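Enquirer: Pulled the feature table from TrEMBL, pasting it below:
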DOMAIN    6-125  domain 'Response regulatory'
MOD_RES   ASP55  4-aspartylphosphate
DOMAIN    134-231  domain 'OmpR/PhoB-type'
DNA_BIND  134-231  DNA-binding region
Amino acid sequence: MTTTQRLLLVEDEPTLCELLSASLRLAGFQVTSAETGAQALSAVSEQRPDLIVLDVMLPDINGFEVARLLRERHPGPGGEHPPILFLTARDAAEDRISGLRAGGDDYVTKPFNLEELILRIQAVLRRTSGRQPDRRLLVDDLALDADSHQVTRGGHAVQLSPTEFSLLRVLMENAGQVLSRHQLLDRVWHYDFDGDDSIVASYISYLRRKIDTDRPKLIHTVRGTGYVLRKPSP
Ligand code: CA
């Protein structure tokens with residue numbers, strides 16, 4: 001079974017964005033778009049696309065900066081950000097091209113041929129598919145499927161909001177490891193260190209109500225430190 005691959009297209013020129021979205025959909029991809037670097041960053045964490053087509057010249061932060069921030073937020077292993085294919089201007093200097101080679105998986109120079117873009121996207125996806133983090137997580141009887149966005153506890157479906165889902169995913173990816181509020185704030189909400197971390201406690205309590213009622217507790221508070229999700233002791 002092949003699943004439809006999801007692309008995030010980041011392009012601030014509306015006409016080009018529409019044209020590209022339509023062409024990529026015709027080529028069989030599921031496409032969402034963003035117009036700014038900031039929108040791109042939140043779209044990556046909300047949608048976990050399989051690949052990002054990232055224009056370098058954006059109105060707020062440029063594409064290279066977006067790539068740098070993604071690397072910082074998803075240092076891996078297992079937490080790698082999606083592969084990036086940059087869209088660059090024809091006059092990009094040689095050194096910028098080598099710079100983006102370091103930060104991206106490929107690049108296409110504008111103006112480009114649509115067919116070429118699609119071939120490049122397919123090639124990057126083939127090359128990088130082996131390094132995708134595990135998209136099905138299981139801790140005790142709690143299962144999370146990142147592709148279908150389904151969560152079950154003891155075989156029963158649990159309905160989560162997108163933020164609850166992201167929070168649970170981070171906790172499950174790091175099962176057994178204590179995560180501080182700041183780490184969670186950074187990985188789930190992408191706030192800087194000085195953000196208000198009381199939101200983390202609120203969401204932890206929403207999650208507990210949905211997954212930890214009537215079942216052995218999986219989410220534990222480590223006083224003064226943070227939270228950990230782990231199997232109940234036998
Ligand atoms: Ca642009």
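In case you wondered, yes, glycine gets a Cβ from its N, Cα and C as well.
Values in this document were obtained by computation on a predicted structure and should not be read as measured data.
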Enquirer: In the domain 'Response regulatory' (6-125), how many residues does DSSP put in helix, strand and coil?
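Expert: Split by secondary structure, the domain 'Response regulatory' (6-125) comes out as 57 helix, 24 strand, 39 coil.
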Enquirer: Summarise the DNA-binding region (134-231) as counts of helix, strand and coil residues per DSSP.
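Expert: Here the numbers are 35 helix, 25 strand, 38 coil.
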Enquirer: Across all the protein chains here, work out how many other Cβ atoms are within 10 Å of the Cβ of the residue listed as '4-aspartylphosphate'.
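Expert: A count of 25.
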